[in-house]
Amino acid sequence: MSTTSSHSNVVGVHYRVGKKIGEGSFGMLFQGVNLINNQPIALKFESRKSEVPQLRDEYLTYKLLMGLPGIPSVYYYGQEGMYNLLVMDLLGPSLEDLFDYCGRRFSPKTVAMIAKQMITRIQSVHERHFIYRDIKPDNFLIGFPGSKTENVIYAVDFGMAKQYRDPKTHVHRPYNEHKSLSGTARYMSINTHLGREQSRRDDLESMGHVFMYFLRGSLPWQGLKAATNKQKYEKIGEKKQVTPLKELCEGYPKEFLQYMIYARNLGYEEAPDYDYLRSLFDSLLLRINETDDGKYDWTLLNNGKGWQYSAAKQHVVQRRHTQGTNNRRQSTIPPYARTRQNLLSSPSKQTPVNNVVDASVATQKDGIPGKAASPQVQQQQQTSSAQQQQPQRVEQPAPQTTQPTQVDTQQAAKPAPSKEKSRKKFHLRLLSCCISKQE
């Protein structure tokens, strides 16, 4: 049963919905506030008609992992009208976002500090009997801006996580082959490309690919072309196999090569030595006369003002450009058309100021003013947005030729313009939330 109020825009009894800050294959993401303690929250909406619903499984996984450092808390799961709703902690930007702000290169010091946190995060997940299976920069976020945890790296989006052993008996899942591809092709392990059952070693290898991506700016298997997605994934896997680790890590601190060699030589059921892996990056910091002081590249931007200043500055430029474009478009429309267009686009006076979705997509056809537009419209918006964004994960049997649900399509050096726009909007809204909270 829906608990949404058409006047106060409250869901789940005491969660007020604010501005939309993102969307993807899962659905839509909004910022909001817990009316009991005034805590900022994130609300994820997923169509109940989704062919592959994920929010319920994600909620259950979060509940099993809750309490671990770097794992966001979840507060509510339920149904709101035509949507499933998950309420959780509101966090900051992803490592992919911060990578863009830093010119698509991180310093060895920053990558070493990131590596230590990511290793610890994945170790915690493994100790709860899960493997992540979709390691990528987009799935690791820093804490809420201005909070005590603003530089803590959080692991999010456990839609593809899987138990690798029985939590009661601790018996490991048996080794299998001819498995489906699960993960993001750019970062997945060689064994995953070969259709082998994933285990803890595959998470570690994927992390190594992420570390080298941060250092290099791109990976050798990006930008490969093929007639079909299946052929493209095969090409990516082949390129990974024929690229020597020395060549992949050439010109960068030796500790990254040592990490990759260790990860690729782990056995299927072998327990990783996480302490050893962290010690590699402690040694690196010591060798380059640095310390793990929490001063990441993104905190040093703009003479120490940080990434927030870049986000706000870029949004002002984007907003001016958008306003200029809209004005030029209006000048080309006949007066009668402009009048009719404005009438059609103007929200009803009965529509609340803060809608569950933007006013431009809220309609009276949905029954209650302020409710989301029809699931069909939202599904089309989600699909078009997901296709334009960063490398997307694959979950498809390797021998089949059917179209995967998500494709690794991002060009490494130049992100797609649509992705840039959505990211800038995200950061402005996040900043406005921070400012209003401080006031």
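Numbers run from 1 along the shown chain.
Note: Cβ is positioned from N, Cα and C throughout, glycine not excepted.
Bear in mind that the values here come from a model prediction, so they are computed numbers and not experimental data.
According to Swiss-Prot, the features are:
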- Ile21, Gly22, Glu23, Gly24, Ser25, Phe26, Gly27, Met28, Leu29, Lys44: ATP binding site (BINDING)
- Asp134: active site, proton acceptor (ACT_SITE)
- 366-426: region 'Disordered' (REGION)
- 372-413: compositional bias 'Low complexity' (COMPBIAS)
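In this view, Asp134 (active site, proton acceptor) is surrounded by 22 other Cβ atoms within 10 Å of its Cβ, with every protein chain counted. Taken residue by residue with DSSP, Asp134 (active site, proton acceptor) is part of neither helix nor strand, so it is coil. Taking the Cα atom of each, Gly27 (ATP binding site) and Asp134 (active site, proton acceptor) are about 18 angstrom apart. Under DSSP, Glu23 (ATP binding site) is assigned to a strand (E or B) in the three-state scheme.
Taken residue by residue with DSSP, Leu29 (ATP binding site) is part of a strand.
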